[in-house]
Amino acid sequence: MATSVASRRLSASERLRRSLNNGRVTAALILLPPALILFTLFVMLPLGESVYYAFFNWNGYGTPTDYVGMENFQRIAGHSVFQKAVTNTLKIVAISLFLQMPLALLLALLIYRKTPTNALFRLIFFVPYILAEVAAGLIWSFVFDGNYGVTASIAQSMGVESFFILADRDWAFVAVMTVIVWKYFGFHMMIYIAALQSVPEDLIEAARIEGAKRHQIVRYVQIPQIKHALVVSAFFAIIGALQVFDIIIPLTNGGPSNQTHTIVTYLYTFGLTRLNIGFGSAVGVILFIAAITVAVFYQRFFMNRSET
Amino acid sequence: MRHSVATAALLIGVAGANAAMAQTEINVLRVAVNDEQEAYYEEIAQAYEEQNDGVTVTFEYIANEAYKSKLPTLLQSDARPDIFYSWGGQTLVEQANAGFLQGISDMLPEEMTGTIPEAGLNAYTVDGNLYGLPLYATEVVFWTNTALTEEAGVDIDQIETWEDFLGAVQTLKDASVTPIIAGGQDKWPLHFYWSYLALREGGPDVVSDAMAGENGGFESEAFVEAGKEFQKLTDMEPFQSGFMGTTYETASGMFADGEGAFHLMGDWDYLPMRERSTSGEGLPDEQLAIFSFPVLADPVSEGGEGATLGGINGWAVSQSAEPEAVDFLAFMLSEENQRKAAEQELFIPIVEGTGDALSNPFYQQVSEDITNSSYHQIFLDQFLGASVGATVNDISADLAQDAITPEEAAAQVQEAWDFR
């Protein structure tokens with residue numbers, strides 16, 4: 001602050017000379033271009049291109065010529081599979097916020113103290129997160145397989161007819177959400193553990209001396225103290241839900257008959273594999289706007305408030 | 001520093017010299033195949049190189065799905081292949097219209113086109129220009145486990161009409177035998193039913209008429225009736241439980257394990273289904289039979305009873321290919337090489353007069369079926385292009401689960417066709 005006030009009184013050339021001397025501008029001149037070029041080339045340019053393609057009916061061959069205006073967007077809005085994909089994505093957001101995060105918090109509260117047993121449990125709970133998404137999807141597709149998988153063995157040992165949850169239009173997405181919770185709760189748990197460990201012991205001690213019960217300590221001391229971690233993890237959960245893709249492809253590939261798509265698998269299936277590049281670009285634009293909106297609003301309404 | 005610059009210059013020089021005496025390179029891109037087929041192509045490439053000095057032929061393989069999504073980008077780059085694998089149909093039309101293909105009619109040896117059946121050439125012709133050549137034909141048939149049908153008292157020789165078939169399914173169900181195995185998760189195995197029924201209902205021109213927008217396009221009576229007939233079957237719950245979670249590969253293994261009586265699948269499944277069975281052996285030949293898709297007693301229009309559904313797969317020639325590439329293509333499809341493929345039972349060759357080299361009874365029968373076919377319809381999911389084709393697969397799966405009505409199914413295909 002002080003420097004900017006001081007520099008206001010100096011002439012422009014003097015200001016430039018000074019800033020060159022203190023190395024800031026030089027550093028910016030040297031360090032900025034590579035990042036800026038990469039960002040422009042691989043983020044901004046494709047983004048602009050996909051906005052452009054979104055207004056064409058284009059199969060990816062040659063250059064787009066068939067301008068269709070808003071028709072791609074109209075088709076997306078009217079497509080029952082897209083509506084299903086949006087509902088599914090919202091379901092993932094809901095399950096992440098109201099099941100995964102409480103579960104992660106509960107486990108974090110149980111094992112946040114540094115003991116060897118806790119370290120072991122932390123590792124166990126964190127393993128699913130380390131696994132590659134595709135591998136996790138494949139593993140669970142074997143688990144759910146009613147012919148040869150774990151489900152088949154369980155059904156057989158219980159003497160009941162095997163069930164095929166991934167083939168069931170109503171239940172397949174429940175299976176997908178189970179896998180998602182299993183895969184990511186460890187990540188949120190780790191965030192909470194880190195936060196809980198930084199809650200001052202004496203605060204908890206003081207509360208206890210005042211006669212607070214365990215659940216009261218959690219409710220009135222620990223959770224308020226780790227609020228920033230909760231806010232950040234909820235942000236990851238929402239943005240993550242918008243991006244779910246690589247678990248679903250090996251698990252159900254969007255099926256049975258397009259009941260388990262998310263917005264991204266919808267984009268991939270209906271835009272890329274069917275070579276409707278214009279249509280797919282339009283889905284991409286919608287997804288981008290959704291993500292940006294969520295990010296901006298969340299930052300404004302939750303993140304700032306939690307800091308003050 | 002100077003040293004490394006000199007080395008670099010030297011390297012560039014060497015590379016340049018190499019380029020100067022460069023040979024003609026022919027790059028062929030194919031969907032991945034098994035080892036026997038790779039060896040077959042390798043042999044052809046070597047034989048050609050020996051006969052033609054200064055020409056090298058390179059085969060490259062990409063897995064099926066990746067191939068389809070990569071090809072559009074590849075064709076627009078400098079790394080485009082000279083010859084690439086194709087399923088014909090609308091995808092080829094789109095590639096030709098975008099200017100990625102090369103007309104080859106004038107470049108082929110004169111007697112060449114005479115050896116290939118017209119249906120095969122038509123599959124690679126767009127607006128009167130020939131852009132490639134077919135390699136082999138396939139047919140979708142009902143593979144049958146005769147041990148199971150006999151056990152249930154079903155005589156497949158008596159199955160003529162769709163009603164007969166539905167009756168057989170009922171008999172099998174009554175005998176507690178799973179009537180049909182289907183790989184529903186991949187959807188395309190189910191689209192065979194809808195396509196075949198549409199072909200039987202509407203006759204050989206049903207698809208081309210719909211594409212031209214006649215009789216209400218894909219919403220014409222034939223397609224709606226096809227959906228209704230298909231649902232007559234699916235209402236009986238003829239498939240193994242959980243069929244919507246079964247992939248084609250699993251289904252083919254299950255059939256070879258004897259889990260169901262019928263499997264509607266292409267002739268190509270003969271060897272793979274054995275490899276996918278639990279034992280690795282599958283069903284013995286004497287326990288296997290094939291029969292053509294049943295006919296309809298009362299179709300919407302006549303003429304569909306003799307039609308077959310399958311593929312006419314082959315090669316397309318890209319726009320920048322050298323004349324040598326076309327020469328190699330003709331060599332690859334020579335009678336001798338086609339006969340070799342038949343002898344090794346790699347596929348059912350398309351060049352006329354080479355089918356007799358097949359010794360496998362199933363391949364012989366399919367080869368005969370295709371020769372006698374009144375019209376060989378290419379798989380709708382290939383024929384109608386990537387987008388409409390995938391919609392046909394979608395609606396077939398939805399119909400099988402009773403998630404949509406036959407009318408909705410037809411309307412969805414028409415909608416996809418309008419917006420392709």
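Using N, Cα and C of the backbone, Cβ positions are placed for all residues, glycine too.
Feature annotation from TrEMBL assigns domain 'ABC transmembrane type-1' to A:86-298.
What TrEMBL records for A:25-47 (among others) is transmembrane segment. Residues 16, 19, 288 of the same chain lie 6 or more positions beyond the ends of the transmembrane segment (A:25-47) yet place their CB under 8 Å from a CB of it.
The transmembrane segment annotation in TrEMBL covers A:92-112 (among others).
TrEMBL lists A:119-143 (among others) with the feature transmembrane segment.
Taken from TrEMBL, the feature transmembrane segment covers A:171-195 (among others).
The annotation transmembrane segment is assigned in TrEMBL to A:229-249 (among others). Nonlocal intrachain contacts for the transmembrane segment (A:229-249), taken as residues 6+ away from its ends with a CB within less than 8 angstroms of a stretch CB, comprise 89, 92-93, 96-97, 100-101, 104-105, 133-134, 136-137, 176, 179-180, 183-184, 187-188, 191-192, 194-195, 223, 260-265, 268, 287, 290-291, 294-295, 298, 302-303, 306.
Summarising the annotation, TrEMBL assigns transmembrane segment to A:277-298 (among others). Outside the transmembrane segment (A:277-298), and at least 6 residues removed from its termini, the chain residues within Cβ reach (under 8 Å) are 47, 49-60, 64, 66, 68, 72-73, 75-76, 82, 235, 238-239, 242, 263-264, 266-268, 270-271.
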